[in-house]
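Noted in TrEMBL for the protein shown:
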TRANSMEM  12-33  transmembrane segment
TRANSMEM  61-84  transmembrane segment
TRANSMEM  96-120  transmembrane segment
TRANSMEM  148-169  transmembrane segment
TRANSMEM  176-195  transmembrane segment
TRANSMEM  201-222  transmembrane segment
């Protein structure tokens, strides 16, 4: 129960969440930009197959990174629930559940990628035209991964919207940071719905609104561990603030 958590436990949970977000950011950047965008050529199954075959080890590391991201999202969901439980137990739990379900969707999406490797085996022998269906099937798996991940980011965007509200009303997180976190959530929602609505969607709003998530990570690591929990909003907004006064 959140009421059994002491301020020290809450601060440790905040630091753990910050560290987890830092690792998630590094792994996701590596997997998405260092691996997938480097190896996958949109609309060219044979070239994608050749690149993956030539860099099979890199592709495997990318898959492993995404699986680890999903696991870390579970840990961060728990840590953020603990950190924001003093604001509102039910809302912090709801925010955690959205991130947990997102982690499951990411896990399912990533499970598409290991099946790519058998399909591209021997891709260096493929000609310039998709006569062999294997590379096409491999690219289809990668496309399915992206589609599922985009759908999952809708859940992640809602998680950030709830987190932004919790931060804004907390009394111990800067209100401006709460607004930026909510904007980050809106960015994911706009991009995800845009990608689902049209295959030609080219905007990348989250690249700009991501700053809120990044600043939350920095705040949790640098300031959250010494946050002044005594400056809390009125108890009517939540059920668990007694823990902060030692009651």
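Glycine is no exception: its Cβ is also placed from the backbone N, Cα and C atoms.
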Closest-packing stretch to the transmembrane segment (12-33), where packing means Cβ pairs under 8 Å, from 96-120, 176-195, 201-222: 201-222
Stretch among 96-120, 148-169, 176-195, 201-222 sharing the most Cβ pairs under 8 Å with the transmembrane segment (61-84): 96-120
Tertiary contacts of the transmembrane segment (176-195) (same chain, 6+ residues out, Cβ under 8 Å): 150-151, 153-154, 156-170, 201, 203-206, 208-213, 215-216, 219
Long-range neighbours of the transmembrane segment (148-169), counting only residues six or more past its ends (CB under 8 A): 77, 80, 84, 87-88, 91-92, 94-95, 98-99, 101-102, 105-106, 108-109, 112, 175, 177-189, 191-193, 195-196, 206, 212-213, 216, 233, 237
